[in-house]
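Have a look at the structure below, then the notes.
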Amino acid sequence: MRSHYCGDINRSHLGQEVTLVGWVNRSRDLGGVVFLDLRDREGLVQVVYDPDLKDVFDVASSLRGEFCVQVTGLVRARPDSQINSQMKTGEIEVLGKGLTIINASAPLPLSMDNHQNNSEEQRLKYRYLDLRRPEMAERLIFRAKVTSAVRRFLDSNGFLDIETPILTKATPEGARDYLVPSRTYKGQFFALPQSPQLFKQLLMMSGFDRYYQIVKCFRDEDLRADRQPEFTQIDIETSFMTSEEVMVKTEEMMRGLFLELLNVDLGEFPRMTYNEAMRRFGSDKPDLRNPLELVDVADLLKEVEFAVFNGPANDEEGRVAALRIPNGATLSRKQIDDYTKFVGIYGAKGLAWMKINDLAAGMEGIQSPVLKFLTESIVNDIISRTGAQTGDIILFGADKANVVAEAMGALRLKAGEDFELLEGQWRPLWVIDFPMFEKINGGFHAVHHPFTAPRGVTAAELEANPANRVSDAYDMVLNGCELGGGSVRIHNAEMQSAVFRILGIEEEEAKEKFGFLLEALRYGTPPHAGLAFGLDRIIMLMTGATSIRDVMAFPKTTTAACPLTNAPGFANPAQLTELGIKVVEKVKVADGE
């Protein structure tokens, strides 16, 4: 039906007759000549119809936006005065000779020109129209190029694309599972995989030493801008490779991806330990484009007669951190109050501050509501340690260390944007040496997942002191976003059982949930390591989209619904009976009953 894509026509086709198909992006009648902008996935081309061909001209005059048409015509150069440098095809146009309406379009339920006027609900309900927009089409085409490049790289490096099951068993990976009832085994359920983690480890035990898969994963969790109930991972696992070798190989893949598709050389990725990242940036995925850093000042404030400072300063689990903002002394009291409310979102009880109005004037040049509690020596030490200059402001967070890190880390990001301090476009790094466990409500939880290996300890040593053990794990971070995370896996049953015990998973529960894994670990399991990248997030960053919904063909809403298909929906009662499922209606209790 066509000889070329609309967006591919250029000066090399001058004088050629072409056949194009696509949608009418815009139609206008200027002085008895009809101009059509015809659109397909590759872009736009201008088609001109003269009144000399009356029948064809009449059809062209009747066209409206989003009519699906076939055009035949002659490629010619545009007059110099009409060249459009904003269009890929802006140097040429097609003189229309033939025109067939393949399908007319009803009046559109959303705007194609001003998509900002369309609600998110409208865009998802009429996604097939929203995806016709060049911006959306370009993102999906770019996504296809990324997956193609990833496959080429992994294939050429000896990795095998192997599928793993979608109907599987529930495992504790940090989010709720999507459950699928079994008709054959009434009362029992499959779970959709949150990741192929255990199956890819089993593949390593099977001798397939380099595996990959671009795979759908499912998590029933509360959604944010960068989360969806179903998402896509670039899943990788290797045998007989160290964490260093995995990082080198996957960094090579990511650098190649950016160079090939964006012509960006990311350079060598620096390494940073988890502890350093939390200390300097209050985050395990720091945005290194932001030059602001947190500075510990607790040792300077242990003796001050101000409980807000000396309490956390003398608490083993406390922290007092300072954040210097260059030229921040211009902040008004209202702006500082807004920052105080902002850190309150993250659990901080307040925000102390100190303006350096005139460094040369000593204490007279300092403005702060807490200045009366501080000696000149302490103030000078704080200024020296933070590197503050005249015109700067220093903001203080004082609380439990985890609260300070989260609140001041978030404030660091906000201040960096507010003061337009971000430097450079791309700043990648590896974060390494994560804690094995974190304590929540008195119990230990795996920082990554229960199959992550500790670094350099035996099972007995791990159980003797789990709180201070480091995992052999690594995260790839870019501009404050985690692109992917991985680790060396546990490859012997003794260590795996020890980790389960630390996590409070009793032997019977471990056998019921992971008996197949513990059994497999008994039969010559090789050392193995891997990593999984979030494909949707990578595409979002590379295309500059603000949400992963804008780089997925058919995403869900923030309430995990699909306006296009009205999913989820109610099941047929006969199906429920066959599955042995009865839906229990929520009973609303009246006030006072």
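Note that Cβ sites are derived from N, Cα and C of the backbone, with glycine treated the same way.
It should be emphasised that the depicted structure is a prediction, and the values quoted were computed from it without experimental measurement.
Checking the candidates E276, E482, E585 against Swiss-Prot: the one annotated together with R219, D220, E221, Q228, G534, L535, D536, R537 at the ATP site is E482. When Swiss-Prot is compared with the stretches 197-200, 501-504, 545-548, 569-572, the one noted as region 'Aspartate' is 197-200.
In this record, ATP is bound by R219, D220, E221, Q228, E482, G534, L535, D536, R537; the longest C-alpha to C-alpha distance in that set is 20 Å.
According to DSSP, R537 (ATP binding site) is assigned to a helical segment. Most Cβ neighbours within 10 Å, among the binding-site residues H448, R489, R537: R489 holds that distinction in the structure as shown.
Ranking the binding-site residues R219, H448, R489 by the distance of their Cα atoms from the Cα of L535 (ATP binding site) places R219 first.
Between the candidate binding-site residues, E221, E482, L535, the densest Cβ environment within 10 Å is the one around L535.
Using a 10 Å Cβ-Cβ cutoff, R219 (L-aspartate binding site) registers 21 neighbours. In this structure the alpha carbons, written CA, of H448 (L-aspartate binding site) and E482 (ATP binding site) are 13 Å apart.
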